[in-house]
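Notes follow once the structure below has been shown.
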Amino acid sequence: MSQQRHGSTSGGSDRANAVPAFPDLPEATIARLPEYLRALHNLGEGGADTISSEGLAAAAGVNSAKLRKDLSHLGSYGTRGVGYDIALLIEQIEYVLGLDQRRAVCLVGVGNLGHALAGYDGFASRGFKIVALFDADPSKVGERIHGLIVRHIDELPQVAVEETIAIGVIATPAGAAQAVADELVAAGVTSILNFAPCVLSVPANVDVRKVDLAIELQILSFHEHRKASLTALPGGRSATGAGNQEAVGS
Ligand SMILES: NC(=O)c1ccc[n+]([C@@H]2O[C@H](COP(=O)([O-])OP(=O)(O)OC[C@H]3O[C@@H](n4cnc5c(N)ncnc54)[C@H](O)[C@@H]3O)[C@@H](O)[C@H]2O)c1
């Protein structure tokens with residue numbers, strides 16, 4: 001779930017040639033771009049310079065026609081018989097996702113989930129640095145987690161300016177999440193990743209994405225239910241093929 005905003009930018013001259021004036025991308029395409037990026041990095045690290053659309057689609061776990069359509073939105077069509085230039089495509093996707101700029105992240109709520117997120121190396125390796133941790137519980141304030149000291153939530157306005165925090169992650173109980181979102185917005189944060197199981201109300205210029213693993217499990221439960229009902233049909237119809245893969249959160 002998200003409210004997506006598309007800014008406009010002229011970009012540098014090389015990039016302006018590589019990517020059409022800021023592309024207006026379907027939400028589903030935006031959600032798949034990080035999957036393509038991850039697959040491209042893996043392929044590049046494996047020594048490949050180019051990749052066919054079928055190869056990249058298989059590595060990203062999507063259908064190749066969908067991948068070609070997604071990449072055509074970036075003005076990237078590959079070369080017949082050669083495929084896509086991996087380094088160029090990485091540059092194009094990183095540009096569109098804005099990953100060529102450092103984005104400071106803060107985390108609010110340093111409980112069970114917050115501890116795990118604060119210690120996750122995967123953010124830094126993908127260009128996001130958690131620069132501050134906040135909690136309202138005085139017994140947690142001052143605790144050091146992976147080199148960062150937990151600060152009281154009251155320090156958020158000052159730290160948000162000092163660290164130019166762009167993205168706030170909420171890992172508080174649902175009952176506190178709206179108040180925390182309001183504090184993040186008041187501190188100038190315009191993108192929020194919400195792990196709390198609730199809907200946040202935010203101004204139109206603020207983007208929110210929600211992560212809820214329970215919802216993903218409920219969707220898988222639906223598919224289990226559907227498969228069981230198919231095999232229970234007379235004649236025992238059963239699903240075949242490669243199965244469906246969707247990235248969590250897409
Ligand atoms: N999205 C998911 O898939 C997923 C998975 C697990 C947990 N969750 C959710 O994540 C949230 C955190 O779960 P948890 O198990 O870590 O909970 P927790 O109780 O261990 O931690 C919550 C932390 O938030 C802090 N907090 C409470 N109010 C605050 C406020 N106003 N300002 C700052 N900090 C505040 C608490 O002091 C505590 O440290 C819950 O909403 C939970 O439902 C989501």
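Note that Cβ sites are derived from N, Cα and C of the backbone, with glycine treated the same way.
Because the structure is a prediction, the values reported are computed rather than measured.
According to TrEMBL, the protein carries these features:
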- 35-74: DNA-binding region (DNA_BIND)
- Gly109, Val110, Gly111, Asn112, Leu113, Gly114: NAD(+) binding site (BINDING)
- 98-199: domain 'CoA-binding' (DOMAIN)
Could you tell me the mean pLDDT over the domain 'CoA-binding' (98-199), as a whole number?
94
Name the residue among the binding-site residues Val110, Leu113 whose Cβ has the smallest number of other Cβ atoms within 10 Å.
Leu113
Let's check the environment of Gly109 (NAD(+) binding site): how many other CB atoms sit within 10 Å of its CB?
26
Can you count helix, strand and coil residues in the DNA-binding region (35-74) using DSSP?
28 helix, 2 strand, 10 coil
What three-state class does DSSP give Gly114 (NAD(+) binding site)?
helix
Listed in sequence order, residues with CB under 8 A of Gly114 (NAD(+) binding site) and six or more positions away:
Leu107, Val108, Leu133, Asp135, Ala171
Sort Gly109 (NAD(+) binding site) into helix, strand or coil using the DSSP assignment.
coil
Take the mean position of the Cβ atoms of Gly109, Val110, Gly111, Asn112, Leu113, Gly114, the recorded NAD(+) site. Which other residues of that chain put their Cβ within 8 Å of it?
His115, Ala116, Leu117, Asp135, Ala171, Thr172
Once near-sequence residues are set aside, which residues in the chain of Gly111 (NAD(+) binding site), 6 or more away, have Cβ atoms under 8 Å from its Cβ?
Asp135, Ala171, Thr172
Surrounding CB atoms that lie within 10 Å of the CB of Asn112 (NAD(+) binding site), all protein chains:
9
Per DSSP, how many helix, strand and coil residues does the domain 'CoA-binding' (98-199) have?
34 helix, 31 strand, 37 coil
